[in-house]
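Beneath this line is the structure, given in structure tokens, with notes to follow.
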Amino acid sequence: MQQSGRRYLLQGLMVCQCCKYIYYGMSNVKGERSYYRCPGNRFGGNRVCNSKSIQVDILEEAVWEEVKMVLKEPEAMTKEYQLRLVKHESTEAKDELEKRANKIEQGIERLAYVYARGHITKEKYDLEVESMAKELKGIRDQREEMVDEKRLQRELDFITSSVESFSSEVELELNQADWETKLDIIRKLVQRIEVDDDNVHVVFRLKELALERQKKSVQHCIGSPVSSTGMTPERTNGSKLKKISLIIHGLICFCFLLFTLLESNPFTKMPGIETDGLGFNPILQDTGLAIHPPVLYLGYLGFSVPFSLSIAGLILNTEGNVWAKIVRSWVLISWSLLTLGISLGSWWAYRELGWGGFWFWDPVENVSLMPWLIAVTLTHLLLVVRNFNTLRNFAILLTLTTFILSVTGTFLVRSGILTSVHTFADDPRYGLYILALLGVITVSSLVIFVVFTRKNHTSFQYSILESEKKSATQVTAGRRFFSRLTMMLMNNLLFITTFFIVFIGTLYPTVLEYLTGELISVGAPYYNSLFNSIALAILVLTMIGQYCSWQGNSLLPIFREYRFSFCSAAAILPFIFHMELMIVLSITISIALLIFVLEAYSKRICLFKVAFGGSILLARRVSKSYYAMMLAHAGVAILVLGISYSVGWQEKKENYLGIGDSITVNKFKVTLRNIELIKEKNFHAVRGTMDIRNLLNNKILGEVTPEYRFYLAEGQKNAESSIYHNLFSDIYVVIGEIDKSKSKIAAKVHYKPGMSIIWLGSFLIAFGSLLAAFSSSKKVAPSV
């Protein structure tokens, strides 16, 4: 029986990874439920961290299940403790040194916080930091450890006797042990329990088992309500989720493998042997095509994993927060690959197609953009599902839609329905098979979604549904309009609106042609007129939302805290006021967002307010998820800034040039120096050599060598551009055929500012999302 006054089995073992405080047990007012709670959640009336309370009975049961799994291997435990006794290892000494080091680091961080608010002078701050840094260095350099052979011998005797008796009970499925026995065994086997935002990690004292079991996660416990049906431990539910999702994913792979074998088998014998090959499409003979399609299709195929997990989650009725934690990393990885693939495609089109642009609103470009828009909506919505355990069904619907749109993109590219420079294989047989597969995936997934959402609502209407409604009430009740949740949901609504704009503009001409035979095209003016204003609204909401709390803020403190960002953005208005209104707004808002991100980070690490060493220490303690968010949002700001700069200041001139003739764009003069005929194995070409001169200092910066090629096997002509790059602008040159009557060559010269900024922004978005995917769980070496 449990003794009075000793109510909490895990008291003193649970450590918050956010603020390093020890969790304590508490009960609600009526005493109906008990929770483990972090003191940092309400430390001295102030919130130090955002760690959630964890229900006692669920956590203790889950930890006990993990301990019983360890108890099944008594030989390994006995061997480990004997090894410790021989080698005189002292865990307590290591733990004590680690605790002292953590306390000093926390002290330095608190001291920096106090100094940043002006409560102490710089001299006192530097003196204290120097003293604490010396003490910290001494602790880290210390190598001597105290030896407690008696303690190790007592633990060995206890473990040997207790485990041998208890392991037989486990084998006989006698899972009931009294409270005192559980307490003694847990205190001997468990060194600590680490709690972070996503997981509860049980760290065992045994090196061999800890390394083998990799600190088993008890993710299910955070925020999980007790349902009347009796929720199974996450370990069991997670294994079922993996099994079902693997079956679904295997079926998807089988369907595509069947398509490859039946309709696109690369090993099928040709009916005859050509004396000379048909050649390769000229615009595909580029290194960018060795990278762009594989990365893009990795993004497409990556969404099959969240799709499978979503179907499995519906079947098992997995809790929304548990499901979101599992799915979000896969969504982020796939979205980052899709972002990188689209960016590489834009880079290829800019270099190879010869028109000087990076996005043409081509139908196949739009097809890749549609799942990207839904995926970016999903990545933000999963944060809401994970934190508040609500809107799970809507997030699952978006997950299914993302993969369906990925298959739709494959169908449209391979079927030849859309006319585009990107459609190179238009065999109708390919399209029919993929269309059939698309129909099966769409219909089956939507049927499963409808059936199981209704079934789950009926079966768990007194448990899960009520908890979801309660969570939703907590999300909305008492919140101000300017909260992170509100801004995030509004942004999601705008992304979905943008998706429908692209969806209608892409497929409407095809549907109209099929129904009426009328041929129309939807061009860039349609997309730009609707897309640009929505993009600006998304930027504004992003800037406000990422620095609002989930509970809500008023705007005035935000403007006051980050007034430097807004003033800096407003300071550039006199220099760009003559431009179009949309360009002015885009540049101003993107600069404000970029400075906003940098200023918030500098405040977080107390840059220029504390000694540089203190800022470095604070920077090391910033979480990877914050860096991921900062990089991705900074990438968005840089991308919009680059696009606005390029569109607003670009120039284009064309003329016939003879030897020594020039074209001037902006501050650059392009002079034709030489024309030559070249012959390669697969093409003949006219090559022009041109010098790039800066008119401000009259210096030659470099040269470009554009070509106009004739491919022999294909019988096609193609202009090969040549680009002079610098940090802030490109000089993009294309030539045509020689005019023999004039002895001149046709030339187009584009001044393209901000192109490097566009590529940098795209890379930061992809890298930030990839970093976010791997920052959800912290890798900590097993402690013994």
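Residue numbering: from 1, along the chain as shown.
Glycine is treated like the rest: Cβ placed from N, Cα and C.
Here is what TrEMBL says about this protein:
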type     : residues : note
COILED   : 87-149   : coiled coil
DOMAIN   : 9-68     : domain 'Recombinase zinc beta ribbon'
DOMAIN   : 241-415  : domain 'Cytochrome c assembly protein'
DOMAIN   : 474-774  : domain 'Cytochrome c-type biogenesis protein CcmF C-terminal'
TRANSMEM : 244-262  : transmembrane segment
TRANSMEM : 297-317  : transmembrane segment
TRANSMEM : 329-349  : transmembrane segment
TRANSMEM : 369-388  : transmembrane segment
TRANSMEM : 395-418  : transmembrane segment
TRANSMEM : 430-452  : transmembrane segment
TRANSMEM : 489-510  : transmembrane segment
TRANSMEM : 530-550  : transmembrane segment
TRANSMEM : 571-595  : transmembrane segment
TRANSMEM : 626-647  : transmembrane segment
TRANSMEM : 757-774  : transmembrane segment
Stretch with greatest number of CB pairs under 8 Å, the transmembrane segment (329-349) reference, 369-388, 395-418, 571-595, 757-774 candidates: 757-774
Stretch contact, the transmembrane segment (430-452) with the transmembrane segment (369-388), Cβ-Cβ under 8 Å, 3+ pairs: no
The transmembrane segment (489-510) in contact with the transmembrane segment (297-317), cutoff 8 A, at least 3 CB pairs, sep 6+: no
Positions on the same chain near the transmembrane segment (626-647), where near means CB under 8 A and six or more residues out: 358, 535, 539, 542, 546, 583, 586-587, 589-591, 593-594, 597-598, 600-601, 604, 752-769, 771-772, 775
Intrachain residues whose Cβ lies under 8 Å of the transmembrane segment (395-418), provided they are six or more past its termini: 297, 299-301, 303-304, 306-307, 309-311, 313-314, 320, 323-324, 327, 331, 363-364, 367-368, 370-371, 374-375, 377-378, 381-382, 385, 425-428, 430-432, 434-435, 437-438, 441-442, 445-446, 449, 506, 510
Whole-number mean of pLDDT values that fall within the coiled coil (87-149): 68
